[in-house]
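What TrEMBL says about this one:
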- 23-43: transmembrane segment (TRANSMEM)
- 30-477: domain 'Major facilitator superfamily (MFS) profile' (DOMAIN)
- 85-104: transmembrane segment (TRANSMEM)
- 116-134: transmembrane segment (TRANSMEM)
- 173-191: transmembrane segment (TRANSMEM)
- 203-224: transmembrane segment (TRANSMEM)
- 286-309: transmembrane segment (TRANSMEM)
- 321-344: transmembrane segment (TRANSMEM)
- 351-373: transmembrane segment (TRANSMEM)
- 385-405: transmembrane segment (TRANSMEM)
- 426-446: transmembrane segment (TRANSMEM)
- 452-473: transmembrane segment (TRANSMEM)
């Protein structure tokens, strides 16, 4: 079978069957500390909407919204339509988008751990500014710094988890990031529920508590080891070998280490990863780096989690009832991730994505029908229908939690060859944060314009992404991260897109890629 990266032939499974090792305590501890960074992202997603629905917060920063909220005749769907609130929520994500691009060369040159620490420091300072904010400008500056933290953290952490994990447990260990994210959302919902009763400074406590997981990640990042892949890529081969033996719990790491050496040599021959990832031979990875994170956000999940308290209030729930309902969705999301952890390395990525997509479509359509029939501009849902909406949205969140939630991060982080891995992950994070920004900024206006049709809008996108998975995403279960390039050569569509031998040889002429492909990968 052809390598697909630089000529030469390889055995269909490469060295995969020669990999030795197990999940060691070193790997578990390092992955738990690193994955804590996911809780920052999750905490912010959960806390923003809750704080933005608190009266004390609105009176301080958005008095016009507070006045609109008190008007009994205000249209249910337009109660919170304000670009200022949207900017408070979404500023973090546009700064994160920019930071994730900047993070790629830093992660590649100085290691995954360095980017994790940089991210933690920025988020910590941003949290302090938010908690102490006296005006909107100070609040927005804090959000921008938190965005820098999210950009660096989300760029480095999934890479760190994928590279530390043994091949056959990579899916489950990588999902620690999503577990931490969902735990952060759940914690934020609980804090929203408690702090909204602490007047007038409950919102400050809610925003400031983000510093706790940030400290854990930042201090922990100082003590966790770098990944062996990153050490090899940066020339510390002997140190990388010793670390690989330590985290795998065995001296028999020749096959895996040789793959790292091959990948590291190729990576160092490429000086401009952002330019190289545009080449035809990396087209499948580039498409996935763009589509997977975009689709994850277009499920509508972040809108529901960001604005859950406001969304439920718009449907006629009282303030406490709305926070309680959004807390319930946070619990469901946290628990559903464990379904994915238990099944992803047995069933595979594709079955979870497809089944989750189908369930999400059904749930979105049901909610749209209930709201379209039973919720008029000035009406409230009856108790029974309100309960039905919460139950169906919880089922939607459940499906997301075992499918696009964790796998929207896992699949991109495991498919990139080392030479474009940092750039590829940066594109993934940048696209995720860009679409998060767009949806966060536009959601309240879309809700006001589309009304119940907003759920049909997202259902349509989920249908598109489910078809995309069926047609274009190969199964990555059990394939070593440094041998992932083989799967595209076997896929019905991508094998037609990838260049043939002559094209690749011409494309790689005059570089180390030919020698690496023909000599190192010949087995």
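For all residues, glycine too, the Cβ spot is worked out from N, Cα and C.
Caution: TrEMBL annotation is automatic and unverified by curators.
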Rounded mean pLDDT for the residues that make up the domain 'Major facilitator superfamily (MFS) profile' (30-477): 87
Stretch-level contact, the transmembrane segment (286-309) and the transmembrane segment (385-405), CB cutoff 8 A, at least 3 pairs: yes
Residues of the parent chain within Cβ reach of the transmembrane segment (385-405), under 8 Å, 6 or more residues beyond its termini: 178, 181-182, 295-296, 299, 301, 304, 312, 315-317, 325, 328-329, 332-337, 339-340, 343, 352-353, 355-357, 359-360, 363-364, 366-367, 370-371, 374, 465
Recorded stretch that, among 23-43, 203-224, 426-446, has the most CB pairs under 8 Å to the transmembrane segment (452-473): 426-446
Contacting positions for the transmembrane segment (116-134) when only residues 6+ beyond its ends and CB under 8 Å are counted: 34, 37, 40, 61, 99, 103, 106, 141-153, 156-157, 160, 204-205, 207-208, 210-211, 214-215, 217-218, 221-222
Leading contact stretch, 23-43, 173-191, 321-344, 351-373 vs the transmembrane segment (203-224) - CB distance under 8 Å: 23-43
